[in-house]
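Residues or ranges marked as region 'Disordered' by TrEMBL: 1-121, 309-328. Residues or ranges marked as compositional bias 'Polar residues' in TrEMBL: 1-15, 38-57. If you look up TrEMBL, you'll see 134-297 marked as coiled coil. Taken from TrEMBL, the feature domain 'Kinesin motor' applies to 297-662. According to TrEMBL, the ATP binding site annotation covers GLY396, GLN397, THR398, GLY399, SER400, GLY401, LYS402, THR403.
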Amino acid sequence: MSSSDVDAGRSSGQSRLPRGPKPTALPRAGEPSVKRIPSTSNVRPPSATRVPSSTTARRGATSAMGRDVPAPSLPRQPLSVINARQASVGRKVSGMSPKGKVAVNVGRRGVTGGGRRASGGRMSALENQFTTMKDLFERERQNTAELLAREQAERARQEDKVKALEAQQAKLPQGVRSLAADGVGAEELEKLKAKHAKQVRQLEEALEREQESLSRHKRYLSERDDARDTLESECKALESKLSAKDRQLQSQQQDIARLEEEAVQLRSSTARIEEELRAAETLRRKLHNEVQELRGNIRVFARVRPQLPREREMSSSSSSSSGLASIHFPDPREAASIELLAAGESAVGTATMKTHAFRFDRVFQPSATQSDVFEEVAHLTQSVLDGYNTCIFAYGQTGSGKTHSLEGSANLHLGAAAVPTQDPEAGLIPRAVQMLWSTAEHLRAKGWRYEFEGQMLEIYNDEINDLLGKHELSGSSSGSNRNEMKHEIKHEKMRTFVSDTIVVPLESPSQVFTLLAKAKSRRQTAATLMNERSSRSHCVFILRVKGANALTGESCDATLSLVDLAGSERVNASGADKDPVRFTETKSINKSLSSLNDVITALGNAKTGGHVPYRNSTLTWLLKNSLGGNSKTLMLLAISPMAEHLNETINSLRFASKVNSTVIGTARRVRASE
Ligand SMILES: Nc1ncnc2c1ncn2[C@@H]1O[C@H](COP(=O)(O)OP(=O)(O)OP(=O)(O)O)[C@@H](O)[C@H]1O
């Protein structure tokens, strides 16, 4: 039974009854049972409403004809329907088919046409038959009533069953109910139930998992709560720390403000002190100049070069000692003293270490830069523009740093656009040249016009070579003297001339640098394997400066001589005693250097009117006007820091010390007219 049928049954109140085969239609006219009914038209069943259903009537009739009466089956229709049908059957029975009517009419004709006796017998037979039928109807009616009662009881029972099923169905899930309603088999239902149970299990398991996850989340949340509580407490602690730090910061800021105020005051007092120091320094220089002038115009600077990389390597590979001499600078602020510790002999002849102390106008430590040295020399070179003959000569043993200080490092290459003051490698000569040109340019505003000209000379074995000339240099690698030119030195008033030498008018510093490079290359070409020419000859760069002031009518004509002397080492120290060429060179160098010594000594005694032996060497004769009392002279003593050179260093220092103690009078301006 489908749910729709159940519902339909509920609404009609009739379909609750179990279904059965439809009632059989009443027998039609012409059928045997109908034929047995009397055919008169006015014969009717006693009561049309009591006529049983066609089936019942037919069965009853069949039963009455000696056939088995089948067990009454449940009526399929409600009683009202049955009654309605019985009524219908009654009507049908009364309105018989034409064939039946014919049969009845035939009977009537038989009655009318057969005679009165026969009809009387037939009538009684019919009446009997009618009575029998009436009994049959009555029995049938009783049977029907019984059946009806049973049917009603059965229906009530079925209704109860249906109710029970409905209750069961209500308990089943909708899907099962619908399947059951659709008539799905029990096996399938079992499968569905199993499937349902499985789904329920799965759902239960999923539910369990969800519950587990939920409890996990709850645990996690509670842990997070704990962590949050911890963080909150930490945060509070940090906040309190922060506020403490804030307070500290505020007090520190107050301290800083106070300190800054103090710093401002200190800065202003420092500036004042510095100003006082500058003024004191100016005064010191002025006094120093006055002292120098009283002493004479020769000054001595000593410069100790740093240890060279190759010397450091040799020292580290040969012994544990650094190879450096023990050199000290006792007064770094004043920078005028130098002390050397060297082995000596005591008064009783025992070996002992002795300190040799010297004082000069300025002492430069190995850390001093080219710029530091030039700063001290600049004002001296500048005095050429004021008309003072000036001479700077570098003195020292081979490799002590003379050329480095005067020209610059071996790597220096000054091009046309070179700015020597910005090149840490550039030495005194390029710096001085650049400064002279720039000062001359400044002085144009004051009416001064300057002309510059220069020459480069070399004194080798006491002979002059023109480094800018075309003739072969004396003692050159060719070994021939055929192209050598003999030069003579002449002095006229305050000026010096060298015959047959090239004097180049100089327009710019870059032209001077080109000139220097040319001279250097000539010296290198002339060098032999046995003759390191730069060490064995004196090199003199003479820059003549002529100035005139159209506004004031003043004029000046002075020279700046920059002299790179040959190495000052002694004969035995140079190994020259074993080599005749070297011996000659060294003899010549020694002669010129001792002449220089003699000249300076004589100049120191010049106040007494003694003779000055300028002519004793080409060098001193050439430098006559630059060394005399009318010029400003600077001796730059180059010192090697190495212990192996200590003896030569001490000799150089002694000579420099003698020069430094010499008073050679006051420098005088050289006017163009002189
Ligand atoms: N102050 C210094 N700083 C760095 N290197 C220096 C310094 N003085 C000299 N040198 C280096 O020492 C070496 C020798 O120097 P330099 O050639 O100037 O000596 P010198 O006295 O002119 O020698 P010589 O008499 O043989 O011409 C060079 O390689 C030079 O670059």
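Here the Cβ of each residue, glycine as well, is placed from N, Cα and C on the backbone.
Feature map: annotations from TrEMBL on the structure.
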residue	record	Cβ contacts under 8 Å, 6 or more apart
GLY396	ATP binding site	LYS402, LEU565, GLY567, SER568, LEU637, ALA638, ILE639, SER640, SER652
GLY399	ATP binding site	SER535, GLY567, SER640, HIS645
SER400	ATP binding site	ARG305, GLY567, ALA638, ILE639, SER640, HIS645, THR649, SER652
GLY401	ATP binding site	ARG303, ARG305, ALA638, ILE639, SER640
Mind looking up the mean pLDDT for the coiled coil (134-297) in the predicted model?
-> 83
Any idea which of the binding-site residues GLN397, THR403 has the thinnest Cβ neighbourhood at 10 Å?
-> THR403
Counting across all protein chains shown, how many other Cβ atoms sit within 10 Å of the Cβ of THR398 (ATP binding site)?
-> 19
Local Cβ density at LYS402 (ATP binding site) - other Cβ atoms counted within 10 Å | 29
So which other residues, same chain and not among GLY396, GLN397, THR398, GLY399, SER400, GLY401, LYS402, THR403, have a Cβ within 8 Å of the centroid of the Cβ atoms at the ATP site?
-> ARG305, ALA394, HIS404, SER535, GLY567, ALA638, SER640
Under a three-state DSSP reduction, the secondary structure at GLY396 (ATP binding site) is coil
